[in-house]
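So that you can see what the record holds, here are the features copied from Swiss-Prot:
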type: REGION; residues: 1-183; note: region 'Large ATPase domain (RuvB-L)'
type: BINDING; residues: L22, R23, G64, K67, T68, T69, E130, D131, F132, R173, Y183, R220; note: ATP binding site
type: BINDING; residues: T68; note: Mg(2+) binding site
type: REGION; residues: 184-254; note: region 'Small ATPAse domain (RuvB-S)'
type: REGION; residues: 257-336; note: region 'Head domain (RuvB-H)'
type: BINDING; residues: R293, R317; note: DNA binding site
Amino acid sequence: MTEEHLTSQEAAEGEEAVELSLRPQLLSQYIGQGHVKKDMEVYIQAARQRDEALDHVLLYGPPGLGKTTLAFVIANELGVNLKSTSGPAIERAGDLVALLTDLEPGDVLFIDEIHRLAKPVEEVLYSAMEDFYIDIVVGEGQTTHAIHLPLPPFTLIGATTLAGQLSAPLRDRFGIVEHMQYYQVEDLEKIILRSSEVFHTKISPQAAHELARRSRGTPRVANRLLKRVRDFAEVKGEKEISLETTAMALKQLQVDSAGLDQTDRKLLRTMILSYGGGPVGIRTLASNIGEDRETIESLYEPYLLQNGFIVMTPRGRVVTQKAYQQLNLPLPGEEE
């Protein structure tokens, strides 16, 4: 994995198996997202007491925050099966029909990147979610007719990084909507310590804190950096990952004190040096740094906004004083 992708919140090829090994099974084992956990505990308990399928759930927020993990935990807590797919993988309405008709009562259907469903596929979900049935058109010409297929009550869990791209008819059919937020450093420390046990690796509390501080509020990034720092510690012959080795490794990997990587710094530098700090429109910025608009909006901007490196204005993005300080660049008017 290249250095610029170490802090990407998107799952890299081959990481799914690692994430599966680290995945908690129950809400009591799930670290962070306290507001979401409290809500889901109530909703799950109520559904079980009524012996009903849980209402449909929409999880939205930046990548790497545990939306897929939470979907599996919800299914485990309900004691039902989970079938997992993604928006791009469901190419035709018939693919979705096959998934829906294979569900047992109470099962969970998880659709990642649900905002990327094709419109004809999405429309099949409307009646399935609302009234638990689908109409299938069969035959050709004068023999064309619709078959009404009832479905067992089920729970659809949709995950998206771009909730604003969901159509209103689809969004309105989710009874439970939860916003996954960036993790606090103390929660990331707990995740790193838990992951180190799974990896059979010891790490000092100070090193775990430093790693958590630079992990962009994202468990996926924390676990990825832990694996790389472990490599440096093992080569040095350390039996426990030290703070010194952690700092050295992260410097080598070009992850700075705020968790910014090369692309973050390139984005901020471009705004400052080429556009006087902004405002800058998204299309202009994407073209200048060689990234597509969706990547900037879903991977980079949320963290930069959350941590006060940029602000949004009606005319575009503007860097803050904090960004100048992080990059060691003079503020406007202070240039020599």
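For all residues, glycine too, the Cβ spot is worked out from N, Cα and C.
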Within the region 'Large ATPase domain (RuvB-L)' (1-183) only, compute the mean pLDDT.
87
Between R293 (DNA binding site) and G64 (ATP binding site), find the distance joining the two CA atoms and give it rounded to the nearest Å.
19
The region 'Head domain (RuvB-H)' (257-336), counted residue by residue under DSSP: helix, strand, coil:
42 helix, 9 strand, 29 coil
To the nearest Å, how far is the Cα of L22 (ATP binding site) from the Cα of R317 (DNA binding site)?
37
Using a 10 angstroms cut-off on Cβ to Cβ distances, just flag whichever of R293, R317 is the loneliest among these binding-site residues.
R293
Name the residue among the binding-site residues F132, Y183 whose Cβ has the smallest number of other Cβ atoms within 10 Å.
F132
